[in-house]
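Copied over from TrEMBL:
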- 12-399: domain 'Major facilitator superfamily (MFS) profile' (DOMAIN)
- 21-41: transmembrane segment (TRANSMEM)
- 47-70: transmembrane segment (TRANSMEM)
- 172-189: transmembrane segment (TRANSMEM)
- 221-244: transmembrane segment (TRANSMEM)
- 256-279: transmembrane segment (TRANSMEM)
- 286-304: transmembrane segment (TRANSMEM)
- 310-330: transmembrane segment (TRANSMEM)
- 351-371: transmembrane segment (TRANSMEM)
- 377-397: transmembrane segment (TRANSMEM)
Amino acid sequence: MNGYRDLAKNRDFTILWTGQTISDLGSQVSMFVFPLVTYALTGSAVWAAVIEAAFLVGLCGALLPAGVLADRVHRRLIMRAASGGGALLYASLAVAAYAGSLTIAHLAAVALLTGVATGISGPAEMSSLRSVVSREQLPTALSQSQARQHVASLLGGPLGGILYGVARWMPFAFDAVSFAASWFALGWMRTDLSAPERVGPPRKPAQDVVEGIRFILSWPYFRAIAVFSASVNLLVNAMFFVAILRMVQDGVDPRAIGLVSTAAGVAGILGALAAPWIIERMPTGLLVVVTAWSFVPFAIPMAFWDSPAVVAGALGFIMLLNPAGNASGSNYRIAHTPAHLQGRAQSAGQFLGTSVIWLAPLLGGVLLEHIGGRDAVLVIGALTALAALIPTLSGAIRTVPKPAVWQAELDARDAELLVAA
């Protein structure tokens, strides 16, 4: 397996990774301050949840059409359009906040539309990886992409807290600049990211969407992963939304709350660095099961102690294994997906896995207001344990061997198809 040093020599991957890292950092800054700004304007945990949900609704709603776009339109054009749109949207928030005219409606609209931009960009970026890196580099590239998200988490929370402490408009201005930087960086890529040549008669977009969903649902492994991902994404995000809002209600300094993201970022980076080694040596199915159960134990300390140190420690431990689990699953899916279906399969899998994530802040906010923080975390933790049973009891997941084994099986199958042709 090629390591990080070999991947660093890949010019276009480095450009893609750097540009998206800058954009992710800006997004983490804004997502950190969204609940703070909303709570400052309304004093309501439910309203803070609604703004978070608006972003997630936009994200989920855009995924399926985004997959069709990624298989039809030049993928760099898609990513640059999303970056340019994000820059303009966050600039509008910065101007409104500076002028003292920021409203909940404006926050909700930008949250929704930036969610759409993120949803449109994701399948195009993931589909591009297969063109930008070799098959041998793919697991490391996916791990590096996981590291990128954790670098953004590491810096986004503290930076957001500092900028918010200086002026309410500054986090949004920073995000606008980060999206603009991503737009410029993507323009320097040389790899041809054109959509694959289409074969057969023209098809309607709805038919392409259905084909992507049908492909994912036709594999027992992907079906089980979709159900598990939807459940755990809802519950884990709800749990940490409750944890953050408890600290906001207790009057914890935003800079201290930002340290929670720092802990997650540090642990995520360490986990991403170790991910290629773990992926290569651990059966893919077993890695999914172990990752699923890693979410469960830390609900207990978070329920009884809502200090930044406890929440940071719990989230940090969870993030150590999460990059390997995510990258391993993505590697398996990409390897088993035909080139002409990459965009649609990516978007269908992501849509199914995140289809209810927009309910996470609503679930967390409602539980927090009605049963209190401790009981809310305990209820969500118990449900997370039930979700972990999905991959544990699924033979389609448990029996997937190490990558070297299933990759050899794929190579043998491809060789047989070439001989038959």
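In case you wondered, yes, glycine gets a Cβ from its N, Cα and C as well.
Whatever TrEMBL says is automated annotation, not expert-curated.
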Query raised in the report: Residues sitting near the transmembrane segment (172-189): Cβ under 8 Å, six or more positions beyond its termini, same chain?
Result: 12, 15-16, 18-20, 22-23, 25-27, 29-30, 33, 76, 79-80, 83-84, 86-91, 93-94, 97, 132, 159, 163
Query raised in the report: Who are the chain neighbours of the transmembrane segment (47-70) in space, where the CB to CB distance is under 8 Å and they lie at least 6 residues beyond its ends?
Result: 31, 34-35, 38-39, 41, 78, 104, 107-109, 111-124, 127, 195, 205, 208-209, 212-213, 241, 245, 248, 342-348, 350-351, 354-355, 357-362, 364-366
Query - Which of 221-244, 256-279, 286-304, 351-371, 377-397 contacts the transmembrane segment (310-330) most, counting Cβ pairs under 8 Å - result: 256-279
Query raised in the report: For the transmembrane segment (221-244), which stretch among 21-41, 256-279, 286-304, 351-371, 377-397 has the most Cβ pairs under 8 A?
Result: 351-371
Report summary line: The answer for the transmembrane segment (351-371), taking Cβ pairs under 8 Å and residues 6+ beyond its ends, is 45-46, 48-50, 52-53, 56-57, 59-60, 63-64, 67, 213, 216, 225-226, 229-230, 233-235, 237-239, 241-242, 245-246, 379-380
Query raised in the report: On the 0 to 100 scale, where does the mean pLDDT of the domain 'Major facilitator superfamily (MFS) profile' (12-399) fall?
Result: 82
